[in-house]
Amino acid sequence: MSKKRLYEIAKEIGKESKEIVEKAKSLGLEVKSHASSVEESDAKRIVESFTVSVEPKAVTPTSKVEKEAKAQEGSVAAEPKAAATKPAGRPRPQNRNFKAEREARAKAEAERRQNNGERRNQNKGQNNRQKDNRNHGSQDRRNDNRNNRNRQNDNRRDNRNHFQNRQEASKSQPTGPRFDFKARAAALKAEQNAEYSRQSETRFHEAQEAKRQAAQAKEKAKKLNQKEQPTVEAAATAAPQAQPQTVEQVTHPAAVDTRRKKQARPDKSRDFSHENEDGPKQNKHKKNRNKQNQVRNQKNSNWNKKNKKSKNNRNHNANLKPVTERKFHELPKEFEYTEGMTVAEIAKRIKREPAEIVKKLFMMGVMATQNQSLDADTIELLMVDYGIEAHQKVEVDTADIERFFVEDDYLNPKNMVERAPVVTIMGHVDHGKTTLLDTLRNSRIATGEAGGITQHIGAYQIEEGGKKITFLDTPGHAAFTSMRARGASVTDITILIVAADDGVMPQTIEAINHSKAADVPIIVAINKIDKPGANPERVIGELAEYGVISTAWGGDSEFVEISAKFGQNIEELLETVLLVAEIQELKADPTVRAIGTVIEARLDKGKGAVATLLVQQGTLHVQDPIVVGNTFGRVRAMTNDLGRRVKVAAPSTPVSITGLNEAPMAGDHFAVYEDEKAARAAGEERAKRALLKQRQLTHRVSLDNLFDTLKAGEVKSVNVIIKADVQGSVEALAASLLKIDVEGVKVNVVHSAVGAINESDITLAEASNAVIIGFNVRPTPQARQQAEADEVEIRLHSIIYKVIEEVEDAMKGMLDPEFEEKIIGEALIRETFKVSKVGTIGGFMVTNGKITRDSSARVIRDGVVVFDGKLASLKHYKDDVKEVGNGQEGGLMIENYNDIKIDDTIEAYIMEEIKR
């Protein structure tokens, strides 16, 4: 069977949902609200229960005598009640909700009409028999109502009670299943007309009554005036106070009977806002027309003459308030100030007038106004003059992240727990650092590095014996010195890996220096012991020369011989790391807000700015507001070294985060703030300071460096744009290019950034005539098309030293070429031939080297160069040839020279470009 909801049943029978719910509960149905469903049979039961309750009651005939007695009884009872409750002064009626009353009356009228229709259908015969009695009774009721109308209108409260009784009666009447809107509209209109009629009739009778009272008061006053003048004056002053309503009514024109009109003109002296059907009238923006017929002549105006007083009288009679004396405030004993406080602020703090402080400053020789800022020295002198001990307020710089790393009270010693050691693997190029890390993590990351060089720092975490170890892998190339220095600053232990066959190399020495500068213990891993030429003892001896002495030799450095390729002695190396970490007692407070260091940063095309962070103290959570270097943001997502999403990062944990508005610099510190607003303010302030610092580094032209600046204009430059995959590579590449030393040419890095090569880079390169160098990145398809159209050169590389070589060659090519003279042969003139219109031909024999067609020639006579020029033609017998070898004969002509003589020496030479 189908089900129906309770509100559908209520809609069908014209009932409220609340009544349907109550009826259903009374019938024993389990329902909760109007949206509950019931079976079809239960729905019929509910409808039938309402049908039974609305059946009309039998009409009991009422005799004319009973009706007259009832009406007479009601009128007799109403008269003493009205007489007893009628006050001396008519009270102002309270506002009522007329709209709700009108709807209730209309609803009651509609239900009454419908019930009357049903009664007519059921009791048609009975109604026909009593038709005469009903008509006669209706006529009697109309007469009774007409007689009692005046008494009902005398008291407004009775009228209101009458409406309330009618409303209660209408509510008690049963309602039909359907609602007649036409009947409701007719009842509404009839009620409005009746209301207007009652108001009009009430006003008419009130006006008549006021007129009679005014005439009586006037006649009484006239009689009293004839008897005694003082008594009249007293009565005249008392009359307006005793009857303010009556006197005010006289000023209005005589009331007219307007009962036949739908709405009479409202009485301006009374408030009829309660009779407005939609509530009180809003007369805020309407003009006041209560006295619109009065003459408004300003010169002859006599309004309020009795109450007017002259200015002199008002001034003399005014009660002058005594001047309140200012309370004397004691000066404070101490005053905490900030530099730049104004005079007004100081006056407010010490409870003194600004004029007093300005006067004191003037006596001290300082000209100031109350809105002028004062420096610290002036404020202290002023406080000394007042006898107040002044001390400057120490303001905490919220933009200073470094304070979290040096403040002792930031960490709670009671909450300190043991943390994982951070280990940095350092060593020379291709000594096996990434291979060792690959062996530790059981992955093949090492094979993916180009040229055997780790291009950027990687941070990984492994577990050994139930304890975690965090590893940082640093590049070995000389260009990545700054990255190795950053790695040493955040590490706890350094693993110095040295190849057993190569020994100590330049980057090995550099790694030792970084570790010693950071005061980090060194564990030496001698790698490649599986090779035939391995000599670990030689490595130990070489390291001892640089201060890294083995514990076997009485030093403090642990030495472990390993083979990263075959995994030999790896467990021993990890145990050594944990042993050194245990000696150091590494601890962190996980309860504070997280602080740490940026290991690496890059710009991802889909994710935006991505930063690899190492949490050093506290715990980093997703959605934490964070300031990283000179940028800020909120941690949107966080992934660990395995690429898995995590929500929490404990101390010594490397994570990669997204949500920053820019890519930070590698090595920057980060800190979590209490809310995003504070983080934004700190980040913007740090960015502003960095920009200001960068501008201050810009050199200005002065008389001292003017000559150097003009001379620098002669120096040519190679403009380059650097784009790399990570920030560390960008820094290293830019630093390496700037170090290239080619006389007369310098490198100018126009722009460097992280991310793929895009259209804006092409536009910038075209405008600045620059070469774009992409390091481990590729141009977008749109950028590639634009580069081809604009003829912009893009060089893509994955190994840094190849980039350096290529740029160095380009720099050398920008210099003007230098040539040197190279003598390739000599010849002796044996005979000369003069040909008309051609010139002099010299027959020669090559005595040394060779004579070529494109070479230059000098004519030497008696050891003196008489001419230097180019060959016009070269022949061997009658054939034109390119060269004539040693011992051969030939003929030649020299451009613009015909004075060749026998025994002249011809020296052939070429100009060769000197390679730089």
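Just so you know, glycine gets a Cβ as well, placed from its N, Cα and C.
In Swiss-Prot this protein carries:
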COMPBIAS  77-88  compositional bias 'Low complexity'
COMPBIAS  98-121  compositional bias 'Basic and acidic residues'
COMPBIAS  129-161  compositional bias 'Basic and acidic residues'
COMPBIAS  198-212  compositional bias 'Basic and acidic residues'
COMPBIAS  227-250  compositional bias 'Low complexity'
COMPBIAS  264-281  compositional bias 'Basic and acidic residues'
COMPBIAS  291-304  compositional bias 'Low complexity'
COMPBIAS  305-314  compositional bias 'Basic residues'
DOMAIN    418-585  domain 'tr-type G'
REGION    427-434  region 'G1'
BINDING   427-434, 473-477, 527-530  GTP binding site
REGION    473-476  region 'G3'
REGION    527-530  region 'G4'
Cβ neighbours of ASP430 (GTP binding site) where a neighbour is any other Cβ within 10 Å: 18
Cβ atoms near LYS433 (GTP binding site) (within 10 Å, other residues, all chains): 29
For the region 'G1' (427-434), the number of residues DSSP places in helix, strand and coil: 2 helix, 1 strand, 5 coil
Number of helical, extended and coil residues in the region 'G4' (527-530), per DSSP: 0 helix, 1 strand, 3 coil
Residues in the compositional bias 'Basic and acidic residues' (198-212) grouped by DSSP into helix, strand and remaining coil: 15 helix, 0 strand, 0 coil
Number of Cβ atoms other than its own within 10 Å, given for GLY427 (GTP binding site): 24
Stretch-averaged pLDDT - the region 'G4' (527-530): 84
